[in-house]
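Asks: From TrEMBL, here are the annotated features:
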| type | residues | note |
| --- | --- | --- |
| REGION | 112-155 | region 'Disordered' |
| COMPBIAS | 120-130 | compositional bias 'Low complexity' |
| COMPBIAS | 137-146 | compositional bias 'Basic and acidic residues' |
| TRANSMEM | 262-283 | transmembrane segment |
| TRANSMEM | 295-314 | transmembrane segment |
| TRANSMEM | 326-344 | transmembrane segment |
| TRANSMEM | 356-380 | transmembrane segment |
| TRANSMEM | 392-414 | transmembrane segment |
| TRANSMEM | 434-451 | transmembrane segment |
| TRANSMEM | 458-477 | transmembrane segment |
| TRANSMEM | 521-542 | transmembrane segment |
| TRANSMEM | 563-583 | transmembrane segment |
| TRANSMEM | 595-613 | transmembrane segment |
| TRANSMEM | 657-686 | transmembrane segment |
| DOMAIN | 724-836 | domain 'STAS' |
| DOMAIN | 968-1057 | domain 'Cyclic nucleotide-binding' |
Amino acid sequence: MEQPISNNKDINFRGYHVASFPSLKNELDEDNNLITPQEVRYETLSWIDREFNPDRFNPSEALNDGSSPSEIKIVYGSSMGDEKLIEMNNKNNTMNNKRKTEKKYIASPPKLVDEKPKFSNDNSSCSSSSPTITELSKTEELENQKTENQSYSNYGTFSNPIKNQNLNYEPLNNNFNNNKFNKKDSSNEYFIIDHDFNKTAYNSYQNSKEKLYSVVTDQETNIIDDSETTPLTASHNHSNSPYKSNGIVPFLQTWSIQCIKFLPAVLLGVLLNLLDSLSYGIIIFPKHESMPSTYVQSGISMFLVSTIVAQLVYASGLSKFKGGNGSMMIEVMPFLHIICQTIIEKIGADKPKEIIATVMVAYAISTILTGLVFYLLGTFKMGNIMSFFPRHILIGCIGGIGLFLVQTGIEIITGYSFELGFTYIKNIFTTPTLPIWLISITLAFGLSIVHTKIHHPLLVPTFFITLPVIFYLIVWIGGFNLDELREQGWLFNLISDDGHNDVPFYTFWTYFDFKATQWSVIPYTLSTIFALVFFGILHVPINVPALSVSVNTEVDINKELKIHGYTNFISGLIGSLQNYLVYSNSVLFIRSGGNSNIAGFMLALGTFALLVVGTSFIKYVPTIIIGGLIFHLGIDLMKEALVDTFKTVSPIEYLTIVLIVVCMDVWGFTQGIIVGIIVACIFFIITLSRRRIIRSVHSGPELPSTVYRLRNQRTFLNDAGIQIKVIRFQGFIFFGTFQQINDYINNMILKTDSYDIKYIIFDFKLVSGMDYSASEAFIKIKSNLKKRKIYLILCNVQPSSIDPLNRVGFLSNIDDDDNNEYFEYFNNYDSAIEWCENMLLETQYDASKRIYVLKTLEDGSTRLLLTRESVYNNSNNYSSSSSNNNINRMSAFTPSPSPITPLSACKSVVKTNINEFEQPLKLLIHTLLNENNEVDMNVFTELTRYFKCFEIKKDKILWDKTTPAFENQIYIVESGQALLYTVNENSNHVIKEKVTGTLVPYSVIGEVEFFSKLQHRTKLVAQGGSKLWSINYSNYESLCNSHPDIALKFIQLILQCSSGRMENVLKHDLIKSLY
């Protein structure tokens, strides 16, 4: 752990003495590798001294001369970036006040009290801050105590709809008994009060209140009415229930009516459960010689038991779906077969008792685990986590299940298990049962074709109810023997181990034998069990929201997941299988009139009756019906996966779907899911790597710093700034996208011959993170740039990107590592570009001393000319005949906005030292006089009479959006700093302030609003220790009246100073608006 920096020790950082600089020391304590904005700003301020006092500039003494640290203070947000947020008090928001101050009228003709309204302004309590500006000409501080009469605008006024009347407004209070109400301090609401009406309304309310009784809503159920009951809640004692006072007979009559009303929907639900149990119950166990002879009947019983458990839980009122249908989860059938096959392989086919006992335990464990996962997802509010699973992978799994069902249907009818090879195809087409499975699959195809034309929900049940009637009609007409048909496979031939046809519904519970269970085999099935659980939980987050939309019921997905946890956990404890809320059956049941918990409970009773009756009726069910049901679902699932998605998904996603279906069929379902996830990840990486990681590229002049530099320095930077390249990144940088950065650096920068790149800025403001490969690649880029002596500058690096860079040593030990000579790291972009500009000024800018030439004309007037020492030294004697040529060469240095007086018209030409002048004359000349520009000296001397000096003791707002236009002034900074902010407010009443300008000495601000007499839309804050000079409207009008020619020249000089700066501000704001 690093020790904090002691306040008693001097600290040297990057050659700067910062012992008396607390803000910089705090930065160093946080990150020794970060170049602070204070350092960059110190370098910027040094260029002001270099410009005007190059002889006495000494960097080592700049911070040790006792000057106030506030003169080089920079304000920036605590978060990474250039912005800071300020929470605004909602009470002071104008629009919010409008909503608070709207009058509300009680529905009665108001009685108006003939008194004038008395308002209290909450803002009046806020005292204005004490003045912090001191005028140099006076020893006392200036006081600005002008009081303004506050008037309400349309947004904040208490509008009076009744004209020419004085109303007595009183604040609202909930106590109707009081004639006078206590006023709330925090409320701005006023109401027109009718006391007589209030009393009448209150008495009426009390009388009617006694006739009402409340209906208590059970928050754990969806019962919202006293008349809404379930068999689990029917015994509750409601004191106000009519059943208690009217006797048991009306109660039974009401129940009978409700049962009769729900009977059609219940019969339909029982029929659907019967069809599902016949089609899916018989394939719960694979067709294998080691399975008991009663595995088909037991599978149907397990299906019905799981369905009954789910139905009872949903009908109890826990779920928000009234009439929701629960059923066994049919999507897990392939995984159940894999579990059985694994156990058979590990134990051996010659031990059927151990096999079925182990299979039942494995089934129960998978169901209990499914319930636990459902419950945990709901408990930890992770109902939407499954939405992150790729949809096309799920569709591919559904297609694999469809193909499995088709193969299983063929196996049930023919007895041949699927094998990849020609032998399997030969067997199923040469078997005597060929007509049976061909008719079954033809009926399924025909139903699917009809279903594309007719979308009625009762089509499928009606179709499979009609088939037995047609089958037995043909048998009766043809006189076929049922036993012979059963031997040929047209009817199921189910015989128990003891030779009886009837198998009790509880037979599957007799399969449990914990002594015979091979517990050592269970771990081999865990991978399949986990795949089963994972695939099983994918459907509920899809079915529940879809059912919610279909039946127009608002549900909590997390609560429904917990309910699914209950049903599966209970089902697993009693030895049954997974279940869930079935979308299609629930929609059909609810729309058929079963939208009640009572109907759901009746459906559970009907399904239980079907279970108790037993499975003896199965021997009369035609095989083509069972096969048709299985084939229908299998074909429907394959159509959904392979046909419906052909034109709706991308080619890569469709290829993934086909690959998953093939892998599931060839290698297995668990392997197919794994292959699908791997392929999806690969395709995702390929797709993501095609996204642009480089958001934009700019040069230095396109996105300059916010510093208000001198005009000649800004002109130089506009030309030399093309040596700065700014690259803005976006998104997540990883091994797949980093190649874009590497290619751009190699092709567009390192191989550029037209001009040399000296500085490259990497802006990470929109980067969400990076991986290890990208971090390593940045080290290689830094090394290549160093070889070419190009500076690499990083800025706006987010915390998610700092950690990967630190782990590879990219940002650590910057000062101690010689390899980081051409690398810098900044907190924000403004500091980075400002540092680059300072480096260009230091290495390439003509920083020779300014020469001021004072010309005296024949008429006695004096003109002041600014040039450079490098140009001035080329002329040996101004009195020589070559002086005119030298003057012309000086004029060529910078285009002159005004003609220069030739020497022949001058009485004398003298070089003068402006630094010896008093303020504000020296300030005005340094600020307003540009190179090769000649101005009458009388202009500057006369302007000094109209400027007033202010010293800023602490941070002071010079103007903001509320400053009236008549208070506008033009400010010129003599020392210190001032920050210009843009202020915006979003819909949440949060004010965002962004620094758009930094005023350093000899900067001019406020001229646009001053001359246009417009209100400011920004905020200007002068830093403590600053000194500014200003001119107001009063002094400016005096100047115009006394010396109109000087006033006109003043405007011209001011606009020359601000022309280039306004262009840079517009560029900066335009580019930043793209974020």
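Using N, Cα and C of the backbone, Cβ positions are placed for all residues, glycine too.
Note that TrEMBL annotation is computational and uncurated.
Note that the coordinates shown come from a computational prediction; the quantities given were computed from them, not determined experimentally.
How about a rundown of where these features are and what they're close to?
Replies: Counting same-chain residues at least six beyond the ends of the transmembrane segment (356-380), those with a Cβ under 8 angstroms from any Cβ of the stretch are 285, 290-292, 295, 332, 335-336, 339-340, 343, 347, 508, 511-514, 516-519, 521-522, 525, 529-530, 532-533, 536-537, 540, 558-573, 575-578.
Counting same-chain residues at least six beyond the ends of the transmembrane segment (392-414), those with a Cβ under 8 angstroms from any Cβ of the stretch are 282-283, 287, 331, 333-334, 427-428, 431, 433-434, 436-437, 440-441, 489, 535, 538, 623, 626-627, 630-631, 633-642, 645, 649, 653-654, 656-661, 663-665, 669, 672-673, 676-677, 680.
Tertiary proximity for the transmembrane segment (657-686) is limited to same-chain residues at least six positions away from its ends with a CB under 8 Å from its CB atoms, namely 334-335, 338, 390, 392-393, 395-397, 399-400, 403-404, 407, 418, 420, 527-528, 531, 534-535, 638, 641-642, 645, 649, 736.
Helix, strand and coil counts under DSSP for the domain 'Cyclic nucleotide-binding' (968-1057) come to 30 helix, 36 strand, 24 coil.
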Asks: For the transmembrane segment (521-542), what are the same-chain contacts with Cβ under 8 Å, counting residues 6+ beyond its ends?
Replies: 329, 331-332, 335-336, 338-339, 342-343, 346-347, 358, 361-362, 365-366, 369-370, 373-374, 377, 383-387, 389, 394, 397, 557, 560-561, 564, 578, 580-581, 669-670, 673
Asks: Could you pull out which residues elsewhere in the chain have a CB under 8 Å from any CB of the transmembrane segment (326-344), counting only those six or more residues past its ends?
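Replies: Sequence-remote neighbours of the transmembrane segment (326-344) are 273, 276, 280-281, 283-286, 288, 290-291, 302-303, 306-307, 309-311, 313-314, 355, 358-359, 362-363, 366, 398, 400-401, 404-405, 408, 518, 521, 524-525, 528-529, 531-532, 535-536, 539, 567, 576-582, 585, 633, 664, 668-670.
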Asks: For the domain 'Cyclic nucleotide-binding' (968-1057), what is the mean per-residue pLDDT, to the nearest integer?
Replies: 88
Asks: Count the CB pairs under 8 A between the transmembrane segment (295-314) and each of 434-451, 563-583, 595-613, then give me the winner.
Replies: 563-583
Asks: For the transmembrane segment (595-613) against the transmembrane segment (434-451), do we get 3 or more Cβ-Cβ pairs below 8 Å once near-sequence pairs (under 6 apart) are dropped?
Replies: no
Asks: Sequence-remote contacts (6 or more beyond its ends) of the transmembrane segment (434-451), Cβ cut-off under 8 Å?
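Replies: 406, 409-410, 413-414, 428, 459-460, 463, 467, 489-490, 623-624, 627-628, 631-632, 634-636, 639.
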Asks: Should the transmembrane segment (458-477) and the transmembrane segment (563-583) be scored as in contact, given a threshold of at least 3 Cβ pairs under 8 Å and pairs 6 or more apart?
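Replies: No, since the transmembrane segment (458-477) and the transmembrane segment (563-583) share fewer than 3 Cβ pairs closer than 8 Å, they do not count as touching.
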Asks: When you scan the chain for residues with a C-beta under 8 Å from the transmembrane segment (262-283), skipping those not six or more beyond its ends, what do you find?
Replies: 296, 299-304, 307, 323, 325, 327-328, 330, 333, 337, 405, 408, 412, 458, 461, 464-465, 585, 588-590, 592-594, 596, 598-599, 602-603, 606-607, 610, 618, 621, 625-626, 629-630, 633
Asks: What does DSSP give as the helix, strand and coil breakdown of the domain 'STAS' (724-836)?
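Replies: Residue counts in helix, strand and coil order: 48 helix, 31 strand, 34 coil.
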